[in-house]
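Report on one structure; see the data block that follows.
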Amino acid sequence: MSKAKSGLASVKRDFSSSSVGSQDAIPWDPTPPKATSSSQTTSSTPELSARETARERRLREIQNALNNRSTPTLAEPTKPSLPSKRPSDPGLSDALQPTKKPRKLPPGYEDDGEHDLSSRSTAFSRNKATYTPAPLTKRKAGTIELSGEQKQILKLVVDDGESVFYTGSAGTGKSVLLREIIKGLKKKYGRVQDAVAMTASTGIAACNIGGVTIHSFAGIGLGIEDAEKLFEKIRRNKKALSRWTRTKVLIIDEVSMLDGDLFDKLSRIGALIRRNMEPFGGIQLVVTGDFFQLPPVGKSGVKFAFEAAMWKQAIPRTFNLTQVFRQSDQEFIDMLNEMRFGQLTQKSIDKFRSLSREIVYEDGLGPTELFPRREDVHQSNNSRMTRLNTEVRNFKSSDGGSVTDPTARGRLLSNFMAEENLQLREGAQVMLIKNMDEQLVNGSMGIVLRFADPAKALEEDFDILGETTVAVPGGKKPASSAVGKTTASRGILYPIVEFSLATGAKATMMVKPESFKVELPTGEVQASRSQLPLILAWALSIHKSQGQTLERVKVDLGRVFEKGQAYVALSRATSLQGLQILNFDPSKVMAHHKVTEWSKTLQQAVLDEW
Ligand SMILES: Nc1ncnc2c1ncn2[C@@H]1O[C@H](COP(=O)(O)OP(=O)(O)OP(=O)(O)O)[C@@H](O)[C@H]1O
């Protein structure tokens, strides 16, 4: 086998643009598109669809402009008194603009020359910037073309069965690649029971990939005892024992938060159970994460997984993804990379400081404020809700699953992004927490326009997102009761949300409940929750924001206390224009010295290998 090019030789290249291109389009389908969500819009009323392709939309806009009429929206709010005014058609003026200077877009994006990042009007005056959201970039709807480096790792893992650790700075597509790897492995192993174990260091990260925590997979409880004692414990747990024996590939996501001692214990346990003295008993490992992001929690002296005695032996190959997808502005990418390595130049410090201005978003959709503490998140969201002064509607989740112990169950359920009690009001700013189709993805932001009865979809002309079981508005039914299907929901009012898409277009949809699960490789659902796939999004914890891509971000660095937190928070933003930073303090953005040192040795090791 030809030796794969290890990106770690190019850790330095992180500071500049990367160039790996890719030829073959790989269809990207995070969750199967709901037949209803896309097809309804396009097939039932194509001329009114807010979800048509960007090109169709532009043609219609131009046609409308020529005919001197405004663009119709999918569902008009019944109450015109929304909290803020949104332009009827933000793309219209662009249509009439002279062609802008071409700009460089990262591979994976398609530029037809019609849109220019610089065309977003961000006028700075007296420490205030006005931001008129315009189409950001045009990405091929429905497809993400994996870069060359992503494809290379995919092949090594799926085709060649190699154990790998791949890292990369924020936004380099680690999660996108992991989803492709999971897809590929599931296809490879088909029905082989327990073959692919999808785990992560924390519950939230595990939920994001539809898996379980590494603790839960391993059956080690808190994992405090030594490996031999834990081995005895697992031997008495038939299910855990069988998982360890059958697993062919163990995926560990967000490894930066995994404790180094635990890594060694797991390796030893695998060897003991499988009677194979190789690390992890010979199980193929796929480990990913960015050690410059959040560190292991709950211990004073942090021991990172790369400090584990078995780390190198267990994962002989390491790769560094270098192509940043989340941001396309090279200045911002460079600033984030400097920050990641704790090497901020004065120029970048000045630039970060200049971002303290308030940004006025002309479409009324405000930034998401990121806080390190949950209390601040609740307080911020609650105070914004109270200001709305519209009727509160409570959506209570319907929970289930095989874990019955209330504490254990509560802990599992608390990892879901979906709330047990979701309170919404007309005008509430919300974020979608599930990939629904190509355009409405985890992280899509919107505003609740009104509440309506799904049975009136045809009459009132709106589309419905999410067509599964029903959460209980008002909490009238017990939380554990599994309730009926869509047809049984007659009379229940669900929110109609106007989403702002990455293309700059709007999509107005009714949002219905979706199910969220913590599932073992056997298919056993440990905990499940049926709830609207929405959360209030004026504020979010940095912890929950990990993995998200946000176009409008506000961070007060004065509140940040943990290494890596500032980097995670700022790197969620897609552009400098959509980022506001209060109390910027260079000492708050320092990388952990162990991680910085480790990354240097890695670089050297790979250079030697070359
Ligand atoms: N090959 C690609 N082509 C186009 N867009 C991509 C590609 N890979 C990733 N992206 C996009 O880049 C953004 C960041 O991707 P992703 O969340 O996978 O990065 P990440 O490395 O996991 O980031 P983080 O470490 O910050 O969580 C997402 O919007 C994703 O859709």
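Just so you know, glycine gets a Cβ as well, placed from its N, Cα and C.
Of all ranges given (525-544, 565-584), TrEMBL attaches the label DNA-binding region to 565-584. Close to the recorded ATP site, the chain also has D290, L321, V324, F325, R326: residues not among G168, S169, A170, G171, T172, G173, K174, S175 whose Cβ is within 8 Å of the site's Cβ mean position.
Of all the binding-site residues listed (S169, T172, S175), S175 has the fewest other CB atoms within 10 A of its CB. Close to G171 (ATP binding site) in the fold, though at least 6 residues off in sequence, lie V324, F325, R326, Q327, T549, S571, each with a CB less than 8 Å from its CB. Close to ligand 1, meaning a Cβ under 6 Å from one of its atoms, are these of the binding-site residues S169, A170, T172, K174, S175: A170, T172, K174, S175. DSSP gives T172 (ATP binding site) a coil state; it is part of no helix or strand.
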